[in-house]
Amino acid sequence: MGVNLKDLIPEEAKMVIEDLRMLRGRIVVIDGYNALYQFLTAIRQPDGTPLMDSQGRITSHLSGLFYRTINILENGIKPAYVFDGKPPEIKAREIEKRRKIREDASKKYEEALRRGDVEAARRYAMMSAKLTDEMVHDAKKLLDAMGIPWIQAVAEGEAQAAYIVGKGDAWASASQDYDSLLFGSPRLIRNLTISGRRKLPRKNVYIEIKPEIIELKKLLEKLGITREQLIYVALLIGTDYNPDGVKGIGPKKALQLVKAYKTLDKILKAIPKTEFPVEPEKIVEYFLNPPVTTDYKLEWKEPDESKIREILVEEHDFNPERVKNAVERLVKAYREHIRSKQMGLEAWFS
DNA sequence: CACACTTA
DNA sequence: TAAGTGTGG
(Lines of atoms letter the chains of each structure in order from A and count residues from 1; the text may use other names and numbers.)
(Lines give C-alpha, C1' and ligand atoms only; values in the text may rest on other atoms or scores of the structure.)
Protein backbone atom coordinates (compact mmCIF):
# COMPACT_ATOMS: atom_id res chain seq x y z
CA MET A 1 0.00 0.00 0.00
CA GLY A 2 2.95 2.34 -0.31
CA VAL A 3 4.78 4.23 2.38
CA ASN A 4 2.61 5.71 5.08
CA LEU A 5 4.09 9.15 5.58
CA LYS A 6 0.74 10.62 6.61
CA ASP A 7 1.67 11.35 10.22
CA LEU A 8 4.97 12.90 9.20
CA ILE A 9 3.71 15.59 6.87
CA PRO A 10 3.63 18.90 8.73
CA GLU A 11 0.70 21.20 8.02
CA GLU A 12 3.14 23.77 6.67
CA ALA A 13 4.26 21.43 3.91
CA LYS A 14 0.68 20.95 2.74
CA MET A 15 -1.43 23.24 0.69
CA VAL A 16 -5.14 22.55 0.62
CA ILE A 17 -6.75 23.14 -2.75
CA GLU A 18 -10.07 24.84 -2.10
CA ASP A 19 -10.98 24.90 -5.76
CA LEU A 20 -9.58 22.65 -8.45
CA ARG A 21 -9.51 25.59 -10.81
CA MET A 22 -6.46 26.70 -8.85
CA LEU A 23 -4.61 24.11 -10.89
CA ARG A 24 -5.77 25.47 -14.25
CA GLY A 25 -3.28 24.91 -17.04
CA ARG A 26 -1.15 22.52 -14.99
CA ILE A 27 -0.11 19.11 -16.26
CA VAL A 28 -0.66 16.41 -13.67
CA VAL A 29 0.63 12.85 -13.96
CA ILE A 30 -1.84 10.54 -12.31
CA ASP A 31 -0.91 7.13 -10.97
CA GLY A 32 -3.27 5.08 -13.11
CA TYR A 33 -3.14 1.97 -11.02
CA ASN A 34 -3.88 3.95 -7.88
CA ALA A 35 -6.80 5.78 -9.48
CA LEU A 36 -8.34 2.67 -11.04
CA TYR A 37 -8.01 0.78 -7.81
CA GLN A 38 -9.79 3.54 -5.96
CA PHE A 39 -12.67 3.51 -8.44
CA LEU A 40 -12.81 -0.25 -8.36
CA THR A 41 -13.14 -0.32 -4.59
CA ALA A 42 -15.37 2.72 -4.16
CA ILE A 43 -17.89 2.39 -6.98
CA ARG A 44 -20.07 -0.35 -5.60
CA GLN A 45 -23.51 -1.10 -4.36
CA PRO A 46 -24.08 -1.08 -0.60
CA ASP A 47 -23.43 -4.83 -0.39
CA GLY A 48 -20.16 -4.54 -2.27
CA THR A 49 -21.27 -5.63 -5.72
CA PRO A 50 -19.33 -3.64 -8.33
CA LEU A 51 -20.88 -2.22 -11.51
CA MET A 52 -20.93 -4.86 -14.22
CA ASP A 53 -21.97 -5.15 -17.85
CA SER A 54 -24.43 -7.75 -19.12
CA GLN A 55 -21.63 -10.29 -19.45
CA GLY A 56 -20.62 -9.90 -15.83
CA ARG A 57 -17.45 -7.94 -16.53
CA ILE A 58 -16.65 -5.27 -13.93
CA THR A 59 -17.02 -1.69 -15.15
CA SER A 60 -16.58 0.34 -11.94
CA HIS A 61 -13.07 1.39 -12.93
CA LEU A 62 -14.26 2.62 -16.34
CA SER A 63 -17.10 4.64 -14.86
CA GLY A 64 -14.80 6.33 -12.37
CA LEU A 65 -12.03 6.96 -14.88
CA PHE A 66 -14.39 8.38 -17.48
CA TYR A 67 -16.35 10.81 -15.32
CA ARG A 68 -13.48 11.84 -13.07
CA THR A 69 -11.15 12.56 -15.98
CA ILE A 70 -13.79 14.77 -17.55
CA ASN A 71 -14.15 16.58 -14.26
CA ILE A 72 -10.44 17.19 -14.08
CA LEU A 73 -10.41 18.51 -17.66
CA GLU A 74 -13.35 20.81 -16.95
CA ASN A 75 -11.23 22.44 -14.28
CA GLY A 76 -8.59 23.17 -16.89
CA ILE A 77 -6.16 20.56 -15.57
CA LYS A 78 -4.27 18.52 -18.16
CA PRO A 79 -4.13 14.93 -16.94
CA ALA A 80 -1.79 12.19 -18.09
CA TYR A 81 -1.89 8.70 -16.64
CA VAL A 82 1.05 6.47 -15.91
CA PHE A 83 0.66 2.70 -15.57
CA ASP A 84 2.85 0.26 -13.73
CA GLY A 85 5.13 -2.03 -15.69
CA LYS A 86 6.74 -5.17 -14.34
CA PRO A 87 7.03 -4.97 -10.56
CA PRO A 88 10.64 -5.09 -9.36
CA GLU A 89 11.92 -8.28 -7.77
CA ILE A 90 12.28 -6.55 -4.40
CA LYS A 91 8.51 -6.06 -4.27
CA ALA A 92 7.75 -9.79 -4.14
CA ARG A 93 7.03 -9.85 -0.41
CA GLU A 94 4.56 -6.97 -0.63
CA ILE A 95 2.79 -8.54 -3.59
CA GLU A 96 2.45 -11.81 -1.72
CA LYS A 97 1.16 -9.94 1.31
CA ARG A 98 -1.52 -8.21 -0.78
CA ARG A 99 -2.53 -11.49 -2.39
CA LYS A 100 -3.00 -13.03 1.04
CA ILE A 101 -5.10 -10.09 2.25
CA ARG A 102 -7.35 -10.39 -0.82
CA GLU A 103 -7.72 -14.12 -0.33
CA ASP A 104 -8.71 -13.80 3.33
CA ALA A 105 -11.06 -10.92 2.58
CA SER A 106 -12.68 -12.93 -0.17
CA LYS A 107 -13.65 -15.67 2.27
CA LYS A 108 -14.93 -13.18 4.79
CA TYR A 109 -16.94 -11.51 2.04
CA GLU A 110 -18.78 -14.74 1.29
CA GLU A 111 -19.43 -15.29 4.98
CA ALA A 112 -20.72 -11.77 5.49
CA LEU A 113 -23.05 -12.14 2.52
CA ARG A 114 -24.38 -15.41 3.91
CA ARG A 115 -25.22 -13.93 7.26
CA GLY A 116 -26.66 -10.84 5.59
CA ASP A 117 -24.19 -8.33 7.06
CA VAL A 118 -24.27 -5.84 4.21
CA GLU A 119 -21.79 -3.39 5.69
CA ALA A 120 -19.19 -6.02 6.42
CA ALA A 121 -19.75 -7.51 2.98
CA ARG A 122 -18.95 -4.17 1.39
CA ARG A 123 -15.77 -3.77 3.42
CA TYR A 124 -14.52 -7.23 2.54
CA ALA A 125 -15.53 -6.83 -1.10
CA MET A 126 -13.36 -3.70 -1.24
CA MET A 127 -10.46 -5.51 0.38
CA SER A 128 -10.69 -8.44 -1.99
CA ALA A 129 -10.87 -6.33 -5.14
CA LYS A 130 -8.21 -7.08 -7.70
CA LEU A 131 -7.32 -4.92 -10.64
CA THR A 132 -6.83 -7.29 -13.57
CA ASP A 133 -4.78 -6.86 -16.74
CA GLU A 134 -8.01 -6.73 -18.68
CA MET A 135 -9.30 -3.82 -16.60
CA VAL A 136 -6.07 -1.91 -17.13
CA HIS A 137 -6.22 -2.70 -20.85
CA ASP A 138 -9.80 -1.39 -21.05
CA ALA A 139 -8.80 1.75 -19.20
CA LYS A 140 -5.97 2.47 -21.64
CA LYS A 141 -8.33 1.95 -24.56
CA LEU A 142 -10.80 4.38 -23.07
CA LEU A 143 -8.09 6.98 -22.46
CA ASP A 144 -7.00 6.65 -26.09
CA ALA A 145 -10.56 7.28 -27.22
CA MET A 146 -10.79 10.28 -24.90
CA GLY A 147 -7.54 11.73 -26.30
CA ILE A 148 -5.80 11.55 -22.92
CA PRO A 149 -2.12 10.56 -22.90
CA TRP A 150 -0.90 7.62 -20.85
CA ILE A 151 2.57 6.35 -20.26
CA GLN A 152 3.65 2.78 -19.78
CA ALA A 153 6.23 2.70 -17.00
CA VAL A 154 9.10 0.24 -17.06
CA ALA A 155 8.41 -0.71 -13.46
CA GLU A 156 6.86 1.49 -10.78
CA GLY A 157 4.40 4.06 -12.09
CA GLU A 158 5.17 6.37 -9.17
CA ALA A 159 8.83 6.37 -10.16
CA GLN A 160 7.96 7.25 -13.74
CA ALA A 161 5.63 10.02 -12.57
CA ALA A 162 8.36 11.43 -10.33
CA TYR A 163 10.77 11.42 -13.26
CA ILE A 164 8.36 13.30 -15.50
CA VAL A 165 7.63 15.95 -12.87
CA GLY A 166 11.31 16.20 -11.98
CA LYS A 167 12.16 16.89 -15.60
CA GLY A 168 9.57 19.65 -15.68
CA ASP A 169 7.34 17.95 -18.24
CA ALA A 170 4.51 17.98 -15.70
CA TRP A 171 3.70 20.08 -12.68
CA ALA A 172 2.81 17.41 -10.16
CA SER A 173 2.25 13.73 -9.62
CA ALA A 174 -1.10 12.60 -8.27
CA SER A 175 -1.72 9.57 -6.09
CA GLN A 176 -3.01 8.62 -2.67
CA ASP A 177 0.35 7.04 -1.95
CA TYR A 178 3.42 8.99 -0.91
CA ASP A 179 5.94 6.92 -2.83
CA SER A 180 6.44 9.42 -5.62
CA LEU A 181 7.94 11.80 -3.04
CA LEU A 182 10.55 9.18 -2.19
CA PHE A 183 11.19 8.78 -5.90
CA GLY A 184 11.86 12.52 -5.95
CA SER A 185 8.67 14.06 -7.30
CA PRO A 186 8.89 17.76 -6.45
CA ARG A 187 5.14 17.96 -5.96
CA LEU A 188 2.45 15.44 -5.03
CA ILE A 189 -1.29 15.99 -5.20
CA ARG A 190 -3.42 13.79 -2.99
CA ASN A 191 -7.19 13.38 -3.13
CA LEU A 192 -7.44 14.37 -6.77
CA THR A 193 -9.44 11.33 -7.78
CA ILE A 194 -11.83 11.20 -4.86
CA SER A 195 -14.92 13.26 -4.34
CA GLY A 196 -15.65 15.98 -1.85
CA ARG A 197 -17.48 13.87 0.67
CA ARG A 198 -16.33 10.60 2.05
CA LYS A 199 -17.78 8.25 4.60
CA LEU A 200 -15.51 7.50 7.53
CA PRO A 201 -14.95 3.76 7.68
CA ARG A 202 -17.16 2.01 10.24
CA LYS A 203 -18.80 5.27 11.21
CA ASN A 204 -21.85 6.91 9.82
CA VAL A 205 -20.06 10.22 9.48
CA TYR A 206 -19.11 12.08 6.37
CA ILE A 207 -16.11 14.37 6.17
CA GLU A 208 -14.98 16.82 3.54
CA ILE A 209 -12.02 15.62 1.55
CA LYS A 210 -10.14 18.28 -0.34
CA PRO A 211 -7.25 17.82 -2.71
CA GLU A 212 -3.91 18.88 -1.26
CA ILE A 213 -0.45 19.56 -2.59
CA ILE A 214 2.65 18.37 -0.81
CA GLU A 215 5.84 20.02 -1.89
CA LEU A 216 8.92 17.87 -1.46
CA LYS A 217 11.30 20.77 -0.89
CA LYS A 218 9.10 22.25 1.79
CA LEU A 219 8.54 18.87 3.40
CA LEU A 220 12.26 18.22 3.68
CA GLU A 221 12.89 21.72 5.02
CA LYS A 222 10.23 21.38 7.68
CA LEU A 223 11.43 17.95 8.73
CA GLY A 224 15.04 19.11 8.62
CA ILE A 225 16.25 16.17 6.57
CA THR A 226 17.40 15.35 3.02
CA ARG A 227 15.59 13.18 0.48
CA GLU A 228 17.99 10.32 1.23
CA GLN A 229 17.12 10.68 4.88
CA LEU A 230 13.40 10.70 4.09
CA ILE A 231 13.98 7.36 2.40
CA TYR A 232 15.68 6.11 5.58
CA VAL A 233 12.64 7.21 7.55
CA ALA A 234 10.41 5.30 5.13
CA LEU A 235 12.63 2.27 5.46
CA LEU A 236 12.10 2.27 9.22
CA ILE A 237 8.32 2.72 8.94
CA GLY A 238 7.98 0.24 6.10
CA THR A 239 7.92 0.48 2.30
CA ASP A 240 6.62 -1.78 -0.46
CA TYR A 241 10.05 -3.40 -0.42
CA ASN A 242 10.13 -4.06 3.34
CA PRO A 243 6.42 -3.96 4.19
CA ASP A 244 6.85 -4.76 7.87
CA GLY A 245 9.26 -1.92 8.58
CA VAL A 246 11.15 -2.12 11.84
CA LYS A 247 9.28 -3.51 14.82
CA GLY A 248 8.42 -0.93 17.44
CA ILE A 249 9.29 2.04 15.26
CA GLY A 250 6.56 4.34 14.02
CA PRO A 251 6.78 7.62 12.16
CA LYS A 252 7.84 9.66 15.18
CA LYS A 253 10.62 7.40 16.35
CA ALA A 254 11.79 6.90 12.79
CA LEU A 255 12.27 10.60 12.25
CA GLN A 256 14.01 10.96 15.62
CA LEU A 257 16.37 8.13 14.80
CA VAL A 258 17.24 9.46 11.39
CA LYS A 259 17.86 12.96 12.71
CA ALA A 260 20.02 11.59 15.50
CA TYR A 261 22.15 9.17 13.45
CA LYS A 262 21.97 10.81 10.02
CA THR A 263 23.65 8.14 7.87
CA LEU A 264 22.19 4.79 6.91
CA ASP A 265 25.17 2.99 8.39
CA LYS A 266 24.72 4.53 11.80
CA ILE A 267 20.95 4.15 11.76
CA LEU A 268 21.28 0.45 11.04
CA LYS A 269 23.81 0.09 13.85
CA ALA A 270 21.30 1.70 16.19
CA ILE A 271 18.76 -1.02 15.42
CA PRO A 272 20.77 -4.24 15.79
CA LYS A 273 19.17 -7.62 15.15
CA THR A 274 16.71 -6.04 12.77
CA GLU A 275 16.20 -8.15 9.69
CA PHE A 276 15.24 -6.79 6.30
CA PRO A 277 13.76 -8.92 3.50
CA VAL A 278 15.88 -6.89 1.08
CA GLU A 279 19.17 -5.17 1.93
CA PRO A 280 18.33 -1.62 3.01
CA GLU A 281 21.06 -0.24 0.76
CA LYS A 282 19.37 -1.85 -2.20
CA ILE A 283 16.01 -0.31 -1.34
CA VAL A 284 17.55 3.13 -0.94
CA GLU A 285 19.29 2.73 -4.29
CA TYR A 286 15.99 1.76 -5.90
CA PHE A 287 14.23 4.88 -4.63
CA LEU A 288 17.12 7.05 -5.79
CA ASN A 289 17.59 5.46 -9.22
CA PRO A 290 14.53 3.52 -10.33
CA PRO A 291 14.21 2.27 -13.90
CA VAL A 292 12.26 4.78 -15.96
CA THR A 293 11.63 5.45 -19.61
CA THR A 294 12.53 8.70 -21.35
CA ASP A 295 10.39 7.65 -24.28
CA TYR A 296 7.08 9.36 -23.70
CA LYS A 297 5.13 12.25 -25.05
CA LEU A 298 2.32 14.16 -23.45
CA GLU A 299 -0.20 15.00 -26.13
CA TRP A 300 -3.90 15.63 -25.78
CA LYS A 301 -6.11 14.89 -28.73
CA GLU A 302 -9.67 15.61 -29.77
CA PRO A 303 -11.93 13.03 -28.11
CA ASP A 304 -13.31 10.39 -30.48
CA GLU A 305 -17.00 10.20 -29.67
CA SER A 306 -17.75 7.09 -31.68
CA LYS A 307 -14.87 5.17 -30.14
CA ILE A 308 -15.97 6.18 -26.67
CA ARG A 309 -19.51 5.11 -27.46
CA GLU A 310 -18.25 1.83 -28.84
CA ILE A 311 -16.32 1.02 -25.67
CA LEU A 312 -18.77 2.25 -23.07
CA VAL A 313 -22.19 1.82 -24.64
CA GLU A 314 -21.76 -1.06 -27.06
CA GLU A 315 -19.20 -3.16 -25.22
CA HIS A 316 -20.08 -2.38 -21.64
CA ASP A 317 -23.73 -1.35 -21.56
CA PHE A 318 -23.32 2.21 -20.31
CA ASN A 319 -26.38 4.41 -20.69
CA PRO A 320 -26.09 6.10 -24.14
CA GLU A 321 -27.74 9.30 -22.90
CA ARG A 322 -25.36 9.67 -20.00
CA VAL A 323 -22.35 8.95 -22.16
CA LYS A 324 -23.52 11.44 -24.77
CA ASN A 325 -23.87 14.16 -22.14
CA ALA A 326 -20.47 13.41 -20.71
CA VAL A 327 -18.80 13.39 -24.12
CA GLU A 328 -20.33 16.79 -24.77
CA ARG A 329 -18.72 18.09 -21.59
CA LEU A 330 -15.48 16.39 -22.53
CA VAL A 331 -15.32 17.96 -25.99
CA LYS A 332 -16.19 21.36 -24.57
CA ALA A 333 -13.47 21.07 -21.92
CA TYR A 334 -10.96 19.96 -24.53
CA ARG A 335 -11.73 22.90 -26.79
CA GLU A 336 -11.79 25.43 -23.98
CA HIS A 337 -8.79 24.39 -21.98
CA ILE A 338 -6.54 22.29 -24.15
CA ARG A 339 -6.83 22.81 -27.88
CA SER A 340 -6.84 26.56 -27.73
CA LYS A 341 -3.76 26.60 -25.53
CA GLN A 342 -1.66 24.07 -27.35
CA MET A 343 -2.31 25.46 -30.81
CA GLY A 344 0.66 27.30 -32.18
CA LEU A 345 0.46 29.92 -34.91
CA GLU A 346 0.94 27.23 -37.51
CA ALA A 347 -2.35 25.58 -36.66
CA TRP A 348 -4.08 28.93 -36.67
CA PHE A 349 -3.19 29.61 -40.27
CA SER A 350 -3.96 26.16 -41.65
C1' DC B 1 -17.18 7.64 -7.09
C1' DA B 2 -20.48 10.25 -9.98
C1' DC B 3 -24.90 11.37 -12.21
C1' DA B 4 -29.64 12.67 -12.14
C1' DC B 5 -33.21 13.94 -9.70
C1' DT B 6 -35.66 15.67 -5.43
C1' DT B 7 -36.12 18.64 -1.57
C1' DA B 8 -35.98 22.90 0.98
C1' DT C 1 -27.30 26.61 -4.22
C1' DA C 2 -26.58 22.95 -1.10
C1' DA C 3 -27.59 18.69 0.62
C1' DG C 4 -30.08 14.12 0.41
C1' DT C 5 -31.42 9.82 -2.13
C1' DG C 6 -31.42 6.21 -5.49
C1' DT C 7 -28.93 4.09 -8.87
C1' DG C 8 -25.39 3.44 -12.38
C1' DG C 9 -23.43 -1.22 -15.21
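Glycine is no exception: its Cβ is also placed from the backbone N, Cα and C atoms.
Ranges compared are A:8-16, A:323-331, A:341-349, and TrEMBL records region 'Interaction with PCNA' for A:341-349. Site annotation (TrEMBL): Mg(2+) 2 is bound by A:D177, A:D179, and the candidate from A:D104, A:D117, A:D240, A:D244 recorded at this site is A:D240.
Binding of Mg(2+) 1 is annotated in TrEMBL for A:D84, A:E156, A:E158; the matching candidate from A:D7, A:D19, A:D31, A:D265 at the same site is A:D31. Each of the binding-site residues A:D84, A:E156, A:E158, A:D177, A:D179 was assessed for Cβ neighbours inside 10 Å, and the highest tally belongs to A:E158. With respect to their backbone Cα atoms, A:D177 (Mg(2+) 2 binding site) and A:D31 (Mg(2+) 1 binding site) stand 9 Å from each other.
Helix, strand and coil counts from DSSP across the domain 'XPG-I' (A:144-225) read 26 helix, 20 strand, 36 coil.
Report note: the Mg(2+) 2 site is defined by A:D177, A:D179, A:D240, and the residues of the same chain whose CB lies within 8 Å of the CB centroid of those residues, excluding them, are A:M1, A:G2, A:V3, A:E156, A:E158, A:S175, A:Y178, A:S180, A:L182, A:T239. In this structure, the binding-site residues under consideration are A:D31, A:D240, and the one with the smallest number of other Cβ atoms within 10 Å of its Cβ is A:D240.
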